[in-house]
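Annotation source TrEMBL lists ATP binding site at Ala13, Ser14, Ala15, Gly16, Ala17, Gly18, Lys19, Thr20. Annotated domain 'UvrD-like helicase ATP-binding' per TrEMBL: 1-439, in sequence order. What TrEMBL lists as domain 'UvrD-like helicase C-terminal' is 482-738.
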Amino acid sequence: MKVQGPELIRIKASAGAGKTYALSIRFLSLLKKIPPSSKGLRSLIAITFTNKAAIEMRQRILNHLKAIALKSGGWREISRKTGLTPEEAGKWIEVILSNYSDFHIRTVDSLLFSILKGFSFEFSIRPDFNVVFNIDDILDDVFDIILSGVQHDKKELIDRALSTYFDIDTQGGFYPENGLKKRLKALYSKVTEDIAQREIDAKKIRISKEKSERAYKEFLEILSQIDDGAVKRNLIRGLTPNLEADKLLDRAIFKKDVDDLFKKNASVSSDEKAHLERALQSVKKNLRDYERICEEIPYSRVGGYVPLLHEMRRCCENLSLREGLILGSDHWTALILKALQEDGFVPLVFEHFGGLFSHFLFDEFQDTSRQQWEALYPIFEEALSQGGSLFVVGDVKQAIYHWRGGDMELFDEVLQRDRYFPFIDVMKDEILGKNYRAHPALVDFVNRLFAPLKDLSTVKSCIADELLGKNTPVVVKNDLAEKILKAYDSHEQEASAKRPFKRRPKVSIFEVSGSKKEIRSGIKNRLIQKVREEWESRPREDGDCASPIACLVRSHKDAEEVSSWLISEGIPVITENALKLSSSLLVKGIICLMKLINDPADNIALYGLLASKILNFGPQSEEELSKAWLRGEHHKWTQKVNEIIQSLKGALIRRTPYELLQQIIEVTGLSDRIKDHFPDQSVFLERLLEVTHNFETKEGASLQKYLDFWDKGGLEERVGLPENIDAVRVMTIHKAKGLEFPVVFIPFTDWQIKDRTPVDVYNNSLVYLGGKLNNELLRVRGQIWAMEVLESLNLFYVALTRAMERIYFFVTLPKTSGLKPFSVGLRQLIEKAKKTGLLEKEYVCWETLDLTPMPH
């Protein structure tokens, strides 16, 4: 039975609305209409944003099929919604398990990678190419290569870039090349090969400035010869002979006609007026010329970066071709987009992929980049033109990946028939209006808090006007307000959670204002107090933690600070960085031992090995090791280390890194030592074995290459976050997306616009958006700021809606000048929401923290 089509369905799914459930039901509904077979299974593909989401969706689909087949666990409801019978579900389970490689639930990057791999010949890339996901390492190497040629042909490139860096970044320090490298790496993905370099001669600026000032003085001289009583005083007030051209550009008098300068019935001769008219026109012309030249300055100030960026791109492309490297997902997406512009390539894509896939399900669509969409669009178009379907799910309120290319505008554009799919008669737009995650009280709080954002004037006053500053053009503020209104217009949800809640609902809001130091201190004291209260009263089942408490922050730096506060008070904490292999002394000790096996003279590795305590002998503390090392007394341990090295080195020639690692564990008795002394390190050892095996599979059995891998960032690998660990989780909001916690703390909301003077690409040129800007560039800068403000609002929504039972958040109001932080807009929003009874509920508590120092 063939699926009727074409179909385009967009699902708006707010937080906790069950989007994964909706996607899995859709997938099963499509299976119902296709005969169970590997070919039928291959025709469906679900696209996710992360590997974790892909794994979750696979499990959900298989669990649903299993429930129907075995008639268990609410199977009737799933069967009713999908149409699948127990017999059909059983057959599909057999097909999936027998043809698991055809069970296509994958990330958008992996799908694009498949296209690239399928057309490696057409792309002129080696079939054995390797993908480098951390392009920073490559850019570091490329920059160092160029820098090493500073005495030769690259000196001018470096000098010009450094001159630009000192001009606009102002933080050179003793090693400015590090700051320059950071800036260039941030710009690399923005600068394409056809970006133009726009520069202007400083002499030309100076000459134009001097001509304008000379014409102004001549005008002033003529004006001074006219009777004072004839001239409007308000127009000439402040006109002194020494005013510079930059100050003259905004003076009202030079935007007037000569007749507008005089009072009504003023007695001025025609000769005086004509003489003044010529002088006024001269000033206007020269100021116009000067202003036109000055409009090039924002481009010229960063022109020195462009040649070096082009050289970096050329080096990266040469390295890519020579080594057979694909430099991250942006690189392969760009290759696909470039190929799509060539004659004959699109039909090839249709033939290969259009016939393979018929039905697409797209999760987190609001985080898709425009480049990803354009690269996949031909496949979607072909599938739908042949009767297929596209099912997209997302929520623009949760669009928090603009900084890495996410384009929330696509979520609305996809339904614009004339734009993408003019041949589809019916496009469906549905809203998942229920919240299955949070306590009804919390759902009600979120509904009330964001209710004012349904009024355009409120959005303008609370968010756009408040946070974008007085110099941002009104058109930008209005556009931001419209986007927020559109995103939050359908935010309200109906509480439908069926789970039992273990705590009474609570929302605690703490307002804290003062200096940054005072605010940090106030947050620290109250956060520790409230986290400890929740920690000590947390529900337990069979002695285990029933569910976690989470502190959600915007940056890793904030996570480290909050973690240190809680740890210092004896509250167990787990963070993302605590799960890096680099945080494990055991892992670092093993790598140091491998380095010693490879090079016994490596004293740094010897020190690291002794400091790690992985051996059953050695110093008891790093202080003991340090003192012994300085006195030359560490040799009492060196002999035993050498014995271990010799016992391992004898078989090194015949061993791979993975086999050597296993031998180290056996010789040192690590398994028993971990069990007896470091039980928390077992997960790191397991991950080390896994990473080593994966490396060997991809890169081969060279020990030197393996050790180079660790030196170049291997220690940044992480272990998986344990699900049932008994600790407070401190993590970034981005990492928390898709998760849920009974209790959520949001300690900081004073999120500032990160870069107030950004460097960006406009009109195919690099431009510095600081200093004096014309209206056009003020609009460009304002749009960048507006996206940051919108992302801050969305981040707060995401953080708030992770909570199931209790929320604690701080409205942090620091004393600042210039652009205001997000917390100021949040404070205004709460004030408006008071009219909905937001703070009158018994579960809501508002408290203004007193930062007055306690008497000794």
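Start at 1 and count along the chain as shown; that gives each residue its number.
Cβ from N, Cα, C; glycine included.
Positions of the features from TrEMBL, shown on the structure.
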{"residue": "Ala13", "record": "ATP binding site", "Cβ neighbours (10 Å)": "23"}
{"residue": "Ser14", "record": "ATP binding site", "Cβ neighbours (10 Å)": "23"}
{"residue": "Ala15", "record": "ATP binding site", "Cβ neighbours (10 Å)": "24"}
{"residue": "Gly16", "record": "ATP binding site", "Cβ neighbours (10 Å)": "24"}
{"residue": "Ala17", "record": "ATP binding site", "Cβ neighbours (10 Å)": "24"}
{"residue": "Gly18", "record": "ATP binding site", "Cβ neighbours (10 Å)": "16"}
{"residue": "Lys19", "record": "ATP binding site", "Cβ neighbours (10 Å)": "22"}
{"residue": "Thr20", "record": "ATP binding site", "Cβ neighbours (10 Å)": "19"}
Check your understanding: Whose Cβ lies within 8 Å of the mean position of the Cβ atoms of Ala13, Ser14, Ala15, Gly16, Ala17, Gly18, Lys19, Thr20, the ATP site, other than those residues?
Key -> Ala22, Asp395, Leu432, Asn435, Tyr436, Arg437
Practice item. Look up Ala17 (ATP binding site) in the DSSP assignment and report helix, strand or coil. Key: coil
Review point. Mean pLDDT for the domain 'UvrD-like helicase C-terminal' (482-738), as a whole number?
Key: 83
